[in-house]
Amino acid sequence: MTILKVAYASSLRHFLFSSRSYFNDHPTPLFLRFTMTTSHRFTAAEKRLINCNQVDVNQLMPLKYHWAWEHYQNGCANHWMPTEVPMTKDIETWRSNQLSDAERRVIMRNLGFFSTAESLVGNNLVLAIFKHVTNAECRQYLLRQAFEEAVHSHTFLYVVDSLGLDEGEVFNMYHEVPSIARKDAFETELTAEVLDPNFNTDTDEGAQALLKNLIGYYLIMEGVFFYTGFVMMLSFHRRNLMTGIGEQFQYILRDETIHLNFGIDLINGIKSENPHLWTEEFQDAMIERVKQAVELELDYAADCLPNGILGLNESMFRDYVQYVADRRLERIGLAKQYGSTNPFPWMSETMDLAKEKNFFETRVTEYQSAGSLSWD
């Protein structure tokens, strides 16, 4: 045993010295800097959301951004899996003549959009955002969110399989259906920018590009694009149709609400620590980007509802998308652009989890701290 300990110690010393030599000769990424050799005990005040090389990102404590840790805890408390939701009634409804062709189109379009959109969000988290966020508690939440995106992707696989749908048709809509392809391209260009091997946030331009990515995915993808789909799919649930899918969308909506709130907190935190990034020119560019997203979403709504269905039409979605976009803009300190009102007041009731019945016999959809969350 003594010989083994000596051999292990010798090997460890060799690894540490050779590693230090290697990293001295090869510049390390920002997210690894300062974690290799430092014994510095830092304070919470030293933490920063981006561009922080004075703090060991492997240490959660001491916490500085308690909002990030609370979002993480809320996410963990809300764990669910799609296979827990029975699909028997949905299968019966789908195989019957209860749904019109227009209603089936709405369902198929939304399955096509969400089935790959969740993957795009997850890929952006782990490949683009994570390494540039230099705070341990925020990274802890990003890991939780990435898992939830995987659960959401699993959800659509489960739905497609349960209903016996053509998986090739559903999962290829993101590049075969123009209204979906345009939305996804609008987002993936943001991922590509941050994934550039030469990208970093050391410059103002780089840090603003990261902010643009966060606004594009949290505010636009998860905060605007997803909400149109939530209204469409939950409208069936209100009519007691496709209730299994509806219950899963309620769970996804619950998760996405926390994602949105975390993203807004992260964006506002970066703004607060780096006010020089939030120039008038940059603000105007972000407002314009949200406006472009609204038009893309209106095109998508028109594609889903060319003639409308019971309780839903293209005009109502114009008001709703504009209303939601205004809410998102205000939450990051930008001016409203539309002044539209919410044409779907029932969505607020749906989101009031205190009034919701249990989705499962042994589980409820209620947040542990739902009162602190904004649903619309």
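Just so you know, the numbers here start at 1 and follow the chain as drawn.
Yeah, the Cβs are placed from backbone N, Cα and C, and that goes for glycine too.
Note that the structure is predicted; figures quoted are calculated from it, not measured.
Site annotation (TrEMBL, ligand Fe cation 2) includes GLU222, GLU256, HIS259; from GLU149, GLU314, GLU330, the additional listed residue is GLU149. With GLU149, HIS152 listed by TrEMBL as binding Fe cation 1, the candidate from GLU118, GLU167, GLU169, GLU176 annotated for that site turns out to be GLU118. If you measure from the Cα atom of HIS152 (Fe cation 1 binding site) to that of GLU256 (Fe cation 2 binding site), you get 10 Å. Other Cβ atoms within 10 Å of the Cβ of GLU149 (Fe cation 1 binding site), summed over all protein chains shown, number 24. Separating the Cα atoms of GLU256 (Fe cation 2 binding site) and GLU118 (Fe cation 1 binding site) is a whole-number distance of 10 Å. In this structure the alpha carbons, written CA, of GLU222 (Fe cation 2 binding site) and GLU149 (Fe cation 1 binding site) are 11 Å apart. In this structure the C-alpha atoms belonging to GLU118 (Fe cation 1 binding site) and HIS259 (Fe cation 2 binding site) are separated by 12 Å.
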